[in-house]
């Protein structure tokens, strides 16, 4: 039997979220299967599935599910949208997917933690809270914003209990089970089973006297619970308690569920029921060691938050907490001194120690206390040139050269150089090949550590280890080679590119090189040898290059991963690729695939792209799935995601359809190896990236799908589970409006009005660009400046610093404004704090806040300094003094620039008005006041209020436009692009309204003329329009602008277009065809504009008013062009007219630009309005339906000739040609879909039967195809060949622009549509009908057709007195050639003046020539010593000679060869040298070495030479031995042999090794001694001798003992023998055994000390058991009896056997219990004590037993009983009976009295009736013979009044007062009386209205 109750409770709650949004809704799942809804309904539901409890049922932002199994609650699940889920089980286990999470946990705005014994899931952002207690009860709380917006088992939270049972299908169910079953969430497997109500009967045991149900009534009767009865009705809980009592089998614990839920419901309503557990005898369960409390703080003290009360907001709620004095450590309560510590997720007990760098940390009181030793600096290079400096700056530098790695640049103690090369395994990367070191104090020796681990010193390879003074080189386990120098230098080299250098702090600040300067400042790590700090690693690395011959690195990606993008599909693997294929199969199986629904393309990409399946192929689902199954993994060495995105977004439009969204799901598990660019905003392709696995980051894919975030999936397995659902739901959501209607007006998109700030319940985590402005003037005390820096560092530590979070800049203002830290700097906390630490206070200067703020607005917040577009700019300005300059202008600029200013006034000297001005009068809340500068850091560290205040900054309260002008609320203004308007709101927010129209999202119109619509670009977007084109073809058909067709058959002139508004006419002139006069051909088209007639003729000539004019040209706003030598074009840009005429094909087109179509036109082309009804318009404005009338109306009559009449149709004379079928062939197949060929085939066949030219009809069809974008090359040499003039070539589909040399259009003509015709080949341009090279367009041709380049000058052959030049536009300018005024030259010796040959007639020139006739020439001189005569003045007429030496012509005589005692000498001459051999004696001092004999010889110069000849001996170690000699040397035997050395010619020595005997007897060892050839056998062991036999003879063959071995003597155990070795002697040393101090143990009772010596030298003692039993340290002898206590008698007995055992036997006295009403009292010396009464008992007359407690009284009538204590302390029942005076009860009642209690006694007395008004009945009134006919109700007075006698002072005697019940008010009452005579009289009687007791005189007085 379930319980369904409805209560009417108020919904006010006291639980609040952190942001202040009250959690007023409470739903509870408690007890066995009870549920209480938000609106107070109770029902039972034992679920067996997952059911929706509550959630956001409108926006679907979150859902809360309850998971049940066989009626038992198992867990709660939280879903955010569709992709985030977390499960919290009743035991506190938290899972996400298959991953188990640890607590506390936070993600996506969800927080999971333990609090006061609960497991708690909460989200301030989503406004919900779930708590699970130790009993498995689940409480769900929702914020007020979800009121009437939720649904599920908890109801709809709308304060209307009657509609709680609303099913998921939105109908009201009749019972709770139908309601609850409707909210089951069926999984992909088996659906949920329907739960049916269980049939239960009440099963209450009545064995006990107490009614089990009576306990439930405590809820409505106990004073503890009645405190809440006025707020929460207890009756539903009483009923629930009774129901649980019936059906629960857990005993009294069952009823506690109702008590606990009632207490919690009351607490939710603000009433705390203190003491309810004791009152109800219920104890809620708590974790071990914790205790339950009705009102405990959620801010429980833990080991990690000992001072939590300082920052935690206190609250009150029931829960579990540690006892007083204990704190929570994990899951246990401990003393604070026993708190553990945590490190890297592991918990350490108190006293534990861990190593941190070179320091040690010890756990004390839950905190780590660490030593503060200076650690060595570390610098390394590893992998592909990744560096870390001493100051922890990480960078990558990929130079290939030798670089200075590190050097002591102060003391020059050492230098380390690295050599880098291309990596062996990756030629695109750079690795370190070797390292070279030099140490100054070691004579600059060079140590090189090679690739592979080899080491060389000064070029020689060495073996390790090597020790040389302070230098040590050795191999280690962790690194291949380790080099240490003293105690301060250590270098590790692994031989494969990793080099690690460790230096002690003694080198701090002394270093330079790639490792930096080791000064603790990262900011100057890129310090170059020139003393400059480079901004990039490239410049820094190049500066430390050692080899100048290496090339500098010019450019390098800042991301080291981009330097070596060898990350590709190979990392995906075939296994994961197979999972991706399965994902595709499952996804496509669930899609509605087809030609008209969803079409599929699959691309596999890595470095290249492979289209595995295209949507141009069959879109049968089976075909696609089959292709996927056979897809192969292609691998690849790159992940070119950026290129894949670009390829996807620019794919050809084949198969693409309008109004169907194009979706791309991009799946990637690797970071992109190329650059990703954001897709164009107008792209119709929507890309949804799906990142799989931990390698790919969300930021890698954000740009692809912006603004939608990418979908991140943890691994490929989850791709199958989560990815399929994501894809299907996304397609469903996006593709649901399959055919949206085209909007008729421009869409107006407006952004919502922003509020002043975010709601406090919503966490603020938006990115911010914050700049903090500090006053750095020296006028500020140094401690205050340091506090400002501490404030900045605290802000950095507290804020969410990062690429997508907060960016920080710091400005120091004073004499100048210094941007100490900008947003360009690396935005991580370590770098920013390091930069702030380096800030130095500037020189003293006045405070200039206005100048500082202006600098901030104009420069510091710009994008140049790192300002991010779209991110709020916030300036925090710290002011301690008033500004000396005005701040108003700067504040206005800040307002205009959108910079929010937060002034902080610290101290008392700042100017408040200035702070208000800078913040803005509407933003005074931005101002912060602090008493002291020292409070700045405290403001940040105590909470998040300050950062939250910055984050929630709202609009400035006033609207300002881009020009700085203020705008009024409600005012709207237009931006300069004319497409956006801005609206000013009262709070200062400005919203933008978009007026742009994106026609790509609109449906294209269907045009009447069957032409595709065109996109028209307008100021604010685009629109689709139908092209206004009128066409005429060779078939004589005319098609109007709106698609109406008719035929012209006459050879007349017709008005095609008449524009009366602008005075324009286009006239077609037809004439008989030259080939067939029976047919009509187009002869010309005439354009009349502004009084000028321009005629386009069929011979491709153009006339203007009858004068032939070459095209192209421009005249009066008309542009005339010739295309392809086949087509005319006329444009009137001002009117948007475009006319084309192709005489060869008998075609024309008239096109009106839709953007300029304003006037109404008429003529055969009609009026372009997409309405064909009015196309046949006549001149008078009327419309006809007959084409004949219409044609005649616009036929131009010839005044001088006959009228023009249509030509009648002729009869066919020839059969139809088969060539017409070419239009139906595959050649034209692509055009069939857009232009049906059947009509043109019929026209072609009709023309062929008349013998007409078929090519024009095929050309007409091809022309229409080109207009539809389909170009066909259909002409051939045998069919309709097109002949081109000169050097031109034919092109059937020429697009773009053509160039020509002449014309007014800048030599370029562009075609809007594909055109057929004759064109110049590529690389050539058109010049006067010929194709020439491009350079010819700038050349000039003179009269002789000679080409001259631009700006070249030349003298014409026919006129040498002129000079001509080639100018622009090939114009030739010739001018008179000027003659120079130069004088005739002055001639020198042997020269004569003559007229210059070839001199022109206009200008004569003279020159000097040689006089060879009359001039005397000097002779040539004769030269000696090899010298030659040379001319010194070549070119002059009179020569001059001199002798000069020419070494090259000297005789090349061979130099003589001189003996050793002579030398070659040169003898100098004027030119050529002479050589001779001269004596050169050198005295010989040669000393012959041992074994050689000396000899001497004298030569012709008298020089003596000494030489050495070998003797017949051997030389060995500088000792001479004769042949045959034998000798011993060390361990060798040597002899001088007869053999000779071929080099030295001495005899050879041969030596052989000496053989030694190394066999030694037992007990000795062979020992070789240095310096001796052979060793000796020496004693190496001791021999132990045994004494045997009766005579004590010594045994010669004793046991051998090793040196150092000790043993006891065999015949004397108290002697210790030891085999010892002294120098080289081994012998036995004996010593007596010394006993250690005797260790006598302390024997416990029952044992005695015994010491024994059993043949050993030293005695030993032990404890032996005594004879007897032991109890309480007392020995009890055998047979002894004693009392252990009053109730226990014991005796020691002995058990005889092999081992005697003692046993103590005790017996305990059994005492009878005291009867009911008595208690046991202990009596000294007595075992059982005595029973003392605890109450007084007696029985009433009816047998009822009464029991009274001490002091309690019982009254029964006039008998009173009381339970008292007598003088002996015993309880005694004292009774007393009250006796009453006689009283006749019957008489009292008979007299009208009332029986009442006599006072407070048990006696009764009679109370007489009081005086009161009484109703009496008069049956009749009779006066005389008159009597009343009816009885009369008459009021009278009756009752008792008290009379009295009292002494009268006035009369001096006792007077009696008779008090009677008298009438005090009456009224007359008329009673009609009927008399005997029939008359009626009115008789008056008095009716009493009021009675009282009145005093009267007594009778007789």
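For all residues, glycine too, the Cβ spot is worked out from N, Cα and C.
Sequence annotations record features per position, and here TrEMBL assigns disulfide bond to 1811-1861 (among others).
Annotation comment: TrEMBL describes 1826-1875 (among others) as disulfide bond. Its own atom aside, the Cβ of residue 1875 (disulfide bond) has 13 Cβ atoms within 10 angstroms in the protein chains shown.
Per TrEMBL, the feature disulfide bond maps to 1837-1891 (among others). Summarising the environment of residue 1891 (disulfide bond), the number of other Cβ atoms within 10 Å of its Cβ, over all protein chains shown, is 22.
Taking Cβ-Cβ distances under 8 Å and a sequence separation of 6 or more, the neighbours of residue 1893 (disulfide bond) in its chain are 1811, 1841, 1842, 1859, 1860, 1861, 1862. Positions annotated as disulfide bond by TrEMBL: 1841-1893 (among others).
Residues annotated as domain 'VWFD' in TrEMBL: 25-193 (among others).
Per TrEMBL, domain 'VWFD' is recorded for 377-551 (among others).
For 568-731 (among others), the entry in TrEMBL reads domain 'VWFA'.
Under the heading domain 'VWFA', TrEMBL lists 769-950 (among others).
Taken from TrEMBL, the feature domain 'VWFD' applies to 1028-1205 (among others).
Per TrEMBL, domain 'VWFC' is recorded for 1338-1411 (among others).
The domain 'VWFC' feature in TrEMBL is assigned to 1512-1578 (among others).
The domain 'VWFC' feature in TrEMBL is assigned to 1667-1732 (among others). Helix, strand and coil counts from DSSP across the domain 'VWFC' (1667-1732) read 0 helix, 34 strand, 32 coil.
Per-residue pLDDT, averaged along the domain 'CTCK' (1811-1899), amounts to 84 for this model. Taken from TrEMBL, the feature domain 'CTCK' covers 1811-1899.
Comparing residue 1837 (disulfide bond) with residue 1875 (disulfide bond), their Cα atoms are 31 Å apart once rounded. Counting every protein chain shown, the number of other Cβ atoms lying within 10 Å of the Cβ of residue 1861 (disulfide bond) is 20. In this structure the alpha carbons, written CA, of residue 1826 (disulfide bond) and residue 1891 (disulfide bond) are 31 Å apart. Residue 1891 (disulfide bond) sits 34 Å from residue 1875 (disulfide bond), taking the CA atoms of both as reference points. Put plainly, the disulfide-bonded residues 1811, 1826 were compared by Cβ crowding within 10 Å, and the winner is 1811.
In the domain 'VWFC' (1338-1411), helix, strand and coil residues by DSSP number 4 helix, 26 strand, 44 coil. Packing around residue 1837 (disulfide bond) is summarised by its Cβ count: 20 other Cβ atoms lie within 10 angstroms of its Cβ, all protein chains included. Helix, strand and coil counts from DSSP across the domain 'VWFC' (1512-1578) read 0 helix, 35 strand, 32 coil.
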